[in-house]
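Student: Before we start, here is the structure in question, set down as structure tokens.
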Amino acid sequence: MNKTVLVIAGPTAVGKTALCVEVARHLQTEIISADSRQLYKELSIGTAKPTPGEMRGVPHHFIDSHSVTELVSAGQFEREALTLLDELFQHHSIVVVTGGTGLYIQALCTGLDDIPLPAGNIRDTLMQRLESEGLPALQTQLTQLDPDYVKEADLQNWQRVVRALEVCLTTGQPYSSFRQRSVKARPFKTIYCALERPREELYRRIDLRMDQMLNMGLVEEVSSLAEYRQHNALQTVGYKEVFEYLDGAYDYQTMVELLKRNSRRYAKRQLTWFRHQGSYTWFAADDLNGILAWVAEQCG
């Protein structure tokens with residue numbers, strides 16, 4: 001039996017869930033979620049996690065699979081997802097992998113790069129600077145040392161900024177130069193497609209999603225997660241803005257504006273990342289027939 005992983009990627013709010021469910025139902029297969037936040041069962045509203053109704057009976061994996069009391073790295077996801085794929089390929093010749101976390105998709109399909117460990121007390125020094133000078137100072141330094149990585153990175157995620165600077169300062173080379181140097185062999189074929197919408201339409205959908213999240217109780221969800229605030233998954237768009245609002249950093253309307261603005265910026269970074277990969281075939285987010293025809297051609 002030929003084994004194929006069908007990656008369906010795209011930015012936040014583009015419509016991946018609905019399209020992937022239709023594709024999976026047509027192919028009579030299952031879905032692996034490659035989303036670094038939806039796998040945590042305590043995070044629901046802020047991650048736009050698909051509901052049972054939206055899943056329409058299609059089995060989804062890595063949704064509510066772990067607790068926020070642990071930290072799931074891309075490497076752990078790679079190992080667990082590869083093991084799961086072995087099981088799924090016993091029953092299906094093709095499996096859908098979907099999500100907006102490019103690093104998780106890369107980890108599963110081509111493996112992670114061997115990135116050098118930081119030397120000495122570089123992390124301690126950077127953490128002290130983060131505390132005393134603030135994140136903008138580290139963002140500025142990273143922009144100078146690795147402008148290519150800055151184009152696609154979430155610069156509001158301090159862990160990623162610190163990690164990239166660690167590598168730059170340890171090796172004297174850009175962090176981006178260590179990424180995608182080698183591709184690990186996989187016992188399956190991977191075909192990549194990504195979904196897109198006109199920019200203004202995508203931004204309207206993002207704004208609407210933020211309004212819906214707030215109406216569903218996003219602020220209350222974030223408040224209930226206060227003890228896990230330093231978790232990587234909560235240092236992200238949709239959560240950090242609400243934490244800062246709860247801290248009294250700004251008023252409710254400012255929080256809403258920041259949620260929408262930062263989500264739009266995040267979507268732009270996702271699009272940049274997927275386009276930069278060069279391996280994706282792009283489709284309109286509602287082009288089900290086009291995608292199915294392309295899959296048949298690729299697997300033929």
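Just so you know, glycine gets a Cβ as well, placed from its N, Cα and C.
Automatic, uncurated: that is what TrEMBL annotation is.
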Student: According to TrEMBL, which listed range is region 'Interaction with substrate tRNA': 35-38, 179-182, 275-278?
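Tutor: Matching range for region 'Interaction with substrate tRNA': 35-38.
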Student: For the record in TrEMBL, which of the ranges 79-83, 159-163, 199-203, 234-238 is the region 'Interaction with substrate tRNA' one?
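Tutor: Residues 159-163 are the ones TrEMBL records as region 'Interaction with substrate tRNA'.
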Student: What are the other residues, in sequence order, whose C-beta lies within 8 angstroms of the center of the C-beta atoms of T12, A13, V14, G15, K16, T17 at the substrate site?
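Tutor: So the extra residues in range turn out to be G10, P11, A18, A48, G100, L195, R205, A285.
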Student: Let me know the DSSP-derived helix, strand or coil state of G10 (ATP binding site), please.
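Tutor: DSSP assigns G10 (ATP binding site) to coil.
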Student: Validating a neighbour-count step here. Other CB atoms within 10 A of the CB of P11 (ATP binding site): how many?
Tutor: 27
Student: Provide the three-state secondary structure of T17 (ATP binding site) computed with DSSP.
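Tutor: Its secondary structure by DSSP: helix.
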